[in-house]
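**Student:** Sharing the features that TrEMBL gives for it:
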type	residues	note
TRANSMEM	43-65	transmembrane segment
DOMAIN	58-307	domain 'G-protein coupled receptors family 1 profile'
TRANSMEM	77-95	transmembrane segment
TRANSMEM	115-137	transmembrane segment
TRANSMEM	149-168	transmembrane segment
TRANSMEM	214-242	transmembrane segment
TRANSMEM	254-278	transmembrane segment
TRANSMEM	290-309	transmembrane segment
Amino acid sequence: MVKALSSVSSFAASLLFEIMNIWNTTSDFILLGLFNHTGAHLFLFVMVLTITFTSLVGNALMLFLIHQDARLHTPMYFLLSQLSLMDMMLLSTIVPKMAADYLTGKKSISSAGCGLQIFFFMSLGGGECFLLAAMSYDRYVAVCHPLRYPILMSWQLCLRMTVGSWFLGAADGLMQAAATLSFPFCDTHEIDHFFCEAPTLLRLACADTVVFEYVMYICCVLMLLVPFSLILISYSLILTAVLQMRSREARKKAFATCSSHLCVVGLFYGAAIFIYMRPKSYRSANHDKVVSAFYTIFTPLLNPIIYSLRNSEVKGALRKCMGQCAALKL
């Protein structure tokens, strides 16, 4: 075990050293951005900032309520708190730089900044893929095996799945950032995007990227299709159990919950698969920017609404918190 950990740490150290060498020898990139300075695009820019602010407040509120209310100290809400944390970090990785570029007109980003954006974006996106799969398993156990829930979804298993989601996401982000920036880039360093994303950056490479694209495709199968398949299996078993319920009201409530959850999952995974698993010949910069904006900015707004704020326990915790705040004012 000690030998394995030492070998992993030495590999990570050498990889980080290689990344630093790459960053020191690569000049800055230019992000062309998502908007221009027309009236319509200014309106869209304000909309994006509004959505981002609302997403940050909603996810921060979820973290606060889950931390404060003892009734929400369960594996399900712990996983939800991790989802909110990932969404907040994802927004903070992308939107501030995009907004600063639009407002100041300075669109350059250093190779180090570009590498960090790729690392955090891939780490958080990959981690969220596995976390959503863990959440679907939690719902499957809660609906199909409620009496065995404390055993099948213990705190130990919950923590292992959470740590595993963060670790696998970070490993994927580190490898993709290092591999992407290891290529030599052509004289034009203009990135037709509003943040550094690996598939877009590869278009600027002056070397053969076929092998890396095949490796990326395999990683996408592991990071996207495997968790997505597990989610579909979990919700298929949930729907089968729901159909066997005698209460019509219970079936209706379960269907509404499952359909809303699957809607968010479908939007997130569908957009990610569209970006990372399309053949190179079918890619379009404009399409990539719109789809990337959708699942990096809009989806984090849906998560607290769909997964949490529609939940009666979360509403009860919010009312309790507001009552306590009102009592303190009085």
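Any Cβ shown, glycine's included, is placed from N, Cα and C.
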**Student:** Which residues of the same chain, at least 6 past either end of the transmembrane segment (214-242), have a Cβ under 8 Å from a Cβ in it?
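**Tutor:** Non-local partners: 126, 129-130, 132-133, 136-137, 139-140, 143-144, 168, 172, 175-176, 179, 198-199, 250-251, 254-255, 258, 261-262, 265, 269, 272-273, 276-277.
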**Student:** Could you give the mean pLDDT over the domain 'G-protein coupled receptors family 1 profile' (58-307), rounded to a whole number?
**Tutor:** 86
